[in-house]
Amino acid sequence: MGFGLESIKSISGGWGAAARSCDACKSVTAAVFCRVDSAFLCIACDTRIHSFTRHERVWVCEVCEQAPAAVTCKADAAALCVSCDADIHSANPLASRHERVPVETFFDSAETAVAKISASSTFGILGSSTTVDLTAVPVMADDLGLCPWLLPNDFNEPAKIEIGTENMKGSSDFMFSDFDRLIDFEFPNSFNHHQNNAGGDSLVPVQTKTEPLPLTNNDHCFDIDFCRSKLSAFTYPSQSVSHSVSTSSIEYGVVPDGNTNNSVNRSTITSSTTGGDHQASSMDREARVLRYREKRKNRKFEKTIRYASRKAYAESRPRIKGRFAKRTETENDDIFLSHVYASAAHAQYGVVPTF
């Protein structure tokens, strides 16, 4: 949506100068600029002067009202001069993307040009009783953003509407009456729409309930809803907890309340879950106690020597106050001789001991 003319004028403070007055009468604000005469004229003077001479003229800038207009901004619906166009459309990146076209010159009088503009605009044709042919400009399916098969056949028929002040009163939707059929799709289906008035404030698409398919045995069949916020619906079976979004794009309802017939009491679920966990933990404890008792029965308290060679070497090492001490050369000789004497005492005479 474009800026209004008053908001455009308030963007810069340099446009506070008075509007250019008419060069002919010097009393009325100029509205057009004649390029041949290089004169600014009001509508009355322009009609009087250019009734017979068809000079090329343009409108005066609608913002500063000091220079002839150079471009027309479609977003702002305003004719702007070169300086005002540069100032306004360089204010921000959004304004710089406005579509602008060179201003159109006219050769008729200003009153005739104003009458043509008012007749071509939507608001200008409401005051006169004229016949508008809606098929004068062909409406393509691509322009509506729709596929060709979505358009009814009667859209291609010529349609003429008598537009006037008498016909327009009380009928603000005369342009959109035919397009309501494009939005209201009704497909034949087996869905039964039931609106759930639960007192909610926000609006959401109406939830519908599908009819169950004929089955021979429903004992082990569960209808699961993947859109529910409660996880209890996956554990506890119910008759029908599935909900689907309405196929109509304009059908709305209120937010359903959580207190429905298909909901399960949370306290019951919590108590049953807690009781099962307590029973499992007690059984695990009893199993651990039994395993501990079996190990205690098979426990042996007898002393075993794993490395006999290490024990023998430790007994032969010298000790000082019960602790191991380092051996010296003299001690090694004494130990050797003591072993020799001990072995000779127990051996027979003349036999060389062996080690």
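Cβ coordinates come from backbone N, Cα and C, glycine included.
Pulled from Swiss-Prot, these are the features on record:
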BINDING   C22, C25, C45, H50  Zn(2+) 1 binding site
BINDING   C61, C64, C84, H89  Zn(2+) 2 binding site
DOMAIN    285-327  domain 'CCT'
ZN_FING   22-60  zinc finger
ZN_FING   61-103  zinc finger
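Shown here: features listed in Swiss-Prot, placed on the structure.
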residue : record                : Cβ within 10 Å
C22     : Zn(2+) 1 binding site : 20
C25     : Zn(2+) 1 binding site : 13
C45     : Zn(2+) 1 binding site : 22
H50     : Zn(2+) 1 binding site : 22
C61     : Zn(2+) 2 binding site : 26
C64     : Zn(2+) 2 binding site : 20
C84     : Zn(2+) 2 binding site : 28
H89     : Zn(2+) 2 binding site : 19
Please report the three-state DSSP label of C45 (Zn(2+) 1 binding site).
helix
Given the binding-site residues C22, C25, C45, H50, state which is nearest to C61 (Zn(2+) 2 binding site) when distance is taken between Cα atoms.
C22
Additional residues surrounding Zn(2+) 1, by Cβ distance to the C22, C25, C45, H50 centre under 8 Å:
D23, A24, V28, A30, L41, C42, I43, A44, D46, R48, I49
Closest of the binding-site residues to H50 (Zn(2+) 1 binding site), Cα to Cα, picking from C64, C84, H89?
C64
Averaged across the zinc finger (22-60), what pLDDT does the model get? Just tell me the whole number, please.
86
Three-state composition of the domain 'CCT' (285-327), taking helix and strand from DSSP:
22 helix, 4 strand, 17 coil
Going by C-alpha distance, which of the binding-site residues C22, C25, C45 is nearest to H89 (Zn(2+) 2 binding site)?
C22
Measuring Cα to Cα, how many Å separate C84 (Zn(2+) 2 binding site) from C22 (Zn(2+) 1 binding site)?
21
In whole Å, note down how far the CA of C64 (Zn(2+) 2 binding site) lies from the CA of C25 (Zn(2+) 1 binding site).
20
Alpha-carbon spacing, C64 (Zn(2+) 2 binding site) to C45 (Zn(2+) 1 binding site), which is rounded to whole Å:
21
